[in-house]
Every structure is written in structure tokens, then in C-alpha cells.
Amino acid sequence: MAKKSMIVKALRKPKYKTRQKNRCKLCGRPKGYMRDFGMCRICFRNHASAGLIPGVSKSSW
């Protein structure tokens, strides 16, 4: 879990666009961010396996 201060800091609009850092909307993790879903890979995996993300299923071949 990210510190609350870091999450609040990331939510503020930066002075320059290049300073913006994408963070997971659920846990605040800055790395492993998936832009299409707005969450990190760990939260994505948990939600996908629980069936909370429509249209996403575990692949097998």
C-alpha cells in the first residue's frame, strides 16, 4: 500500500503534464499500471480471477 500522502500528491494536477504519474485507483501502486483498466497488475489479477472485470477471463491453451 502506498502512503496516503503519496496518493493525494498523485491526485493533484501537476504544474507540467510530464510530471503526472499513473497510480492504481485501488491500492495506489505506481508500478505495473495497466492504463486500460486503471489499476496495477496485482489488483487486476485479483479482480479478474474473482470475475469482477467483465470480458476478462483466464486464458489456457
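Count begins at 1; order follows the chain as displayed.
Note: Cβ is positioned from N, Cα and C throughout, glycine not excepted.
These come from Swiss-Prot:
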- Cys24, Cys27, Cys40, Cys43: Zn(2+) binding site (BINDING)
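Structural mapping of features recorded in Swiss-Prot.
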| residue | record | CB count, 10 Å |
| --- | --- | --- |
| Cys24 | Zn(2+) binding site | 23 |
| Cys27 | Zn(2+) binding site | 14 |
| Cys40 | Zn(2+) binding site | 22 |
| Cys43 | Zn(2+) binding site | 20 |
Remaining residues near the recorded Zn(2+) site, that is with C-beta within 8 Å of the centroid of the site residues Cys24, Cys27, Cys40, Cys43:
Arg23, Lys25, Leu26, Gly28, Arg29, Gly32, Tyr33, Met39, Arg41, Ile42, Phe44
